[in-house]
Amino acid sequence: MPMEVFSLTSTAIPSTLTRRDTAADKPSPHLNLSKYSHFMRYPLTTTLTNNRIRSSSSSSSSIRAQASGSTKSSTAEGIPEKTDSKDDNLVFVAGATGKVGSRTVRELIKLGFKVRAGVRNAQKAGALVQSVKQLKLDGASGGGEAVEKLEIVECDLEKADQIGSALGNASTVICAIGASEKEIFDITGPCRIDYRATKNLVDAATVAKVNHFILVTSLGTNKFGLPAAILNLFWGVLIWKRKAEEALLASGIPYTIVRPGGMERPTDAYKETHNVTLSTEDTLFGGQVSNLQVAELMAIMAKNPDLSYCKIVEVIAETTAPLTPAEKLLTRIPSQRPYIPSPKKVQKADTATVSNTGPSANVVAEVPSIAPQKETASKPVAKTEQPLSPYTAYDDLKPPSSPSPTKPSEKKQINISDAVPTPISSDTPSSIQEIDGISQTTSSSKGKESLSPYAAYPDLKPPSSPSPSVPTTSLSKRDTVVVSSNGPAQLSVEDTPKNEEQHLHEPKSRPLSPYAMYEDLKPPASPSPSFRKS
C-alpha cells in the first residue's frame, strides 16, 4: 500500500507547473537554445530530445517540462565538450592542377595526408586524378588506395564566397597559384591571380582559423636584385606577389613563405644532380630549382609545422651543395615568432604523458627519492680552480727541464787543475780536506782566472794576424826583423844609435799613390797630342 501511494504521487502533475506554463504560445527559453545553437553543434542529441517530446502523451504543459528536463540531462551527461573541429590530417591545396600544385598533392598523399584539391574546373582535374591513382602507398602512409585520400573541390578564388565552403575543416592551406605563362599578354593577370585571389584565400583562412598557411611566391619580391628583378617586366608580378605576402603577414595566422628560384627549365630529374639549399629572406636573387623539389619541401613543412612556423625561406638547388635532409635545413632558418602548438596537439601530449607516468602509487613512492636530489642540488658547490698545466693531473709526468747554464769557471777550474800544473808558492797556502773518503783541495784565496781557452792548453796558441810593415824601400843593414809567435813583428835595433832609434819610431809619411811601392809599375801615360805636319 505505501508503494502504491508513492507511485500515484510520482505520476501526478504538480499544479504549480501547470499554472506556470499556461501560456502555450510562449516557448521555453531552454527549448529555443536547443533548437538553434544546440542543434547546430550537436544535432544527434537534439534529435533524441525531439523524439522523446513527440512520444510523450501528456498535456502540453507537461511536455514542455519533460523536454526541458531531458535536454538538460543529455547536455550534461551524453554530449562531449567541443575542443577543435580542424582535421590535422587534412590539407587544402589551391592551384592543384598547376606544375607545383599537382606535385604537392602527390607528395602530401605519400606522407599520409588527405587532400582537398581546389580547382576552378573539375573536368580539368582528370590528369591529377590519374597521376594519384598510379601512386602506391606503403604502410607508413596509411596504406589503401591513394585516390581515396584525394577530394576534388571546385573553387574560384576570385569569388570570395566560394572559398569558405571549399576549405572545410582543413587545418593546413597551401597556396600554389600564379598567373599563367600562357596568358603572358594579360596585363591584369598578376594583379588578379597573384594578389587578389591570394588575398581572398588568406581572408577565408583567417576566418576559418586554420593552423598553418604555406604560400609560394618568388625570389626578389621584397628587395631589388638582378636577375630576379627582370620578372617585374611582366606587368610587375613581383610587386603583386609582395603585396600578397604582406596580406598574409598582416593576417596573424601561422605562415610559411617559400620563395623558389627559376622553375621553368629544370625537370624532375634535376634533383639527381642538384641538392636543395635554403637561405633566409632577401639573400638570393638568382638560381634554379625544380617543381618537384619545391613540392617535396612544402609537404615536409606541412608534416613538421614546428620547423617551418612563421619563416620566410628562399630555395634554390646547386651541384656543390651537400645532400642534407629538409628537416635539418629548416632548423637553420630563424623563426619570426615562437612556435605555439595547436590545442589538439597539446591535449595529445598531455594524455601521452599521463599514460606513460603509470599509477599514482608509483608517483608517490618516487617522491622521497627525488627530494634528496633537490636538496643536494640546492646546496652551492664550491668550484675549485683547476690549473691550466696538464702536468698536475699525472704524478709521473714532469715538464721538460731546459739545462740551466753553469758558470764557465767551475768546469774550467777542474780542467785547468788537471791539465796545467800550478806552481807551488808559499804565499798561497792550501788546505786539504777529506769528506767521506773524497779529497778536495780548496784554496784560501782564489785569484781571477782567465776566460781564454788558450790558458788550459800549453800548445794552443791564438792565431797571429800579420801586422803591416813600414812602407820603406829598404831597411838598413843593421836592422833585422824579428817575428815573434806570440806578438806582432818587432824591429831589433841593437847596433843603431839613439838618434836613428828615435828616427825609426817616428811615423813616416806614406804616399797615397800605389806606384811608389813598385819600381817597375808606372802609371799609364795618356798620349800627348801632336801637331799636324804640313
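Note that the numbers count up from 1, one per residue, in the order the chain is shown.
Cβ from N, Cα, C; glycine included.
As annotated by Swiss-Prot, transit peptide applies to 1-64, with the evidence given as sequence analysis. Annotation comment: Swiss-Prot describes 50-83, 334-534 as region 'Disordered'. Taken from Swiss-Prot, the feature compositional bias 'Polar residues' covers 63-76, 350-360. Swiss-Prot lists 91-120 with the feature NADP(+) binding site. Annotated region '3 X 22 AA approximate repeats' per Swiss-Prot: 387-532, in sequence order. Under the heading repeat '1', Swiss-Prot lists 387-408. Sequence annotations record features per position, and here Swiss-Prot assigns compositional bias 'Low complexity' to 421-432. Per Swiss-Prot, the feature repeat '2' maps to 450-471. According to Swiss-Prot, the compositional bias 'Pro residues' annotation covers 460-469. If you look up Swiss-Prot, you'll see 495-509 marked as compositional bias 'Basic and acidic residues'. The repeat '3' annotation in Swiss-Prot covers 511-532.
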Q) Going by DSSP, how much of the repeat '3' (511-532) is helix, how much is strand and how much is coil, in residues? A) 3 helix, 0 strand, 19 coil
Q) Are there residues of the same chain, six or more positions away from E107 (NADP(+) binding site), whose CB falls under 8 angstroms from its CB, and which are they? A) A295, E296, M298, A299
Q. On a count of neighbouring CB atoms within 10 A, which of the binding-site residues L111, V115, V119 is highest?
A. V115
Q) By DSSP, how many residues in the compositional bias 'Pro residues' (460-469) are helix, how many strand, and how many coil? A) 0 helix, 0 strand, 10 coil
Q: Around the Cβ of V91 (NADP(+) binding site), how many other Cβ atoms lie within 10 Å? Please give the count over every shown protein chain.
A: 28
Q) Using DSSP, would you call K99 (NADP(+) binding site) helix, strand or coil? A) helix
(Q) Can you tell me whether DSSP puts V119 (NADP(+) binding site) in helix, strand or coil? (A) strand
Q | Lowest local Cβ density (other Cβ within 10 Å) among binding-site residues: K99, R103 | A | K99
Q: Would you report the average pLDDT that the model assigns to the repeat '1' (387-408)?
A: 70
Q | Helix, strand or coil at E107 (NADP(+) binding site) [DSSP, three-state] | A | helix
